[in-house]
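As recorded in Swiss-Prot, the features of this protein are as follows:
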- GLY34, PRO35, SER36, GLY37, SER38, GLY39, LYS40, THR41: ATP binding site (BINDING)
- 2-240: domain 'ABC transporter' (DOMAIN)
Amino acid sequence: MLTVKGLNKSFGENEILKKIDMKIEKGKVIAILGPSGSGKTTLLRCLNALEIPNRGELAFDDFSIDFSKKVKQADILKLRRKSGMVFQAYHLFPHRTALENVMEGPVQVQKRNKEEVRKEAIQLLDKVGLKDKMDLYPFQLSGGQQQRVGIARALAIQPELMLFDEPTSALDPELVGEVLKVIKDLANEGWTMVVVTHEIKFAQEVADEVIFIDGGVIVEQGPPEQIFSAPKEERTQRFLNRILNPL
């Protein structure tokens, strides 16, 4: 579905991603783990060109972009339309209701029929358990509810790929479960997803493949049972020990 080859990203002289190669297959869930500053979020943002890589290639089923050459804006927009992004900090429009937030992309960007979009948006809010909150504004919602609206908003553009940037990191611990349940349900429905997360149990249960990144490179990748039970790389072992045994 999506193939990444030789992806590099620098900010000034600081090289954040170094020759990243990965493949995302349709219907699979990939969990990306790594310490703070490892390049996880930058990689995720490069996958839909919120950050433009300096070099490397992204190839979807029907087209590819070579970032070592001049990139057409039309290709950037085409790439972005194929993926829905869920952010750490929700990024909802504060002056719009939950329903209006979900409708925004299809109506304003895709120029779809407003009544048709409204029906779909209500169904999506129902899907994430928030149909009864559709007329509330973000400040009237809990963090977990806001993030679930964010998921519905990302789904509304009918993407081929869902990207989650630490979707529970800004939540109180008691609200984490409600967001993870929605993501698990999407996985069970066969959505293709890349999730940057520190939720090890979630990654074990849901991911088809786990990628561990440190220093801008993929240190190790494999099925969750291998990564969590018998990691091959010493750096992966140290990271997991620190996460699983914090004291």
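If you go along the chain as it appears here, the first residue is 1 and each next one adds 1.
Including glycine, each Cβ sits where the backbone N, Cα and C put it.
Location within the structure of each feature annotated in Swiss-Prot.
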| residue | record | CB count, 10 Å |
| --- | --- | --- |
| GLY34 | ATP binding site | 24 |
| PRO35 | ATP binding site | 17 |
| SER36 | ATP binding site | 7 |
| GLY37 | ATP binding site | 12 |
| SER38 | ATP binding site | 22 |
| GLY39 | ATP binding site | 23 |
| LYS40 | ATP binding site | 24 |
| THR41 | ATP binding site | 20 |
To test your reading of the ATP site: which residues beyond GLY34, PRO35, SER36, GLY37, SER38, GLY39, LYS40, THR41, same chain only, put their Cβ within 8 Å of the Cβ centroid of those residues?
ILE213, ASP214
What three-state secondary structure does DSSP assign to LYS40 (ATP binding site)?
helix
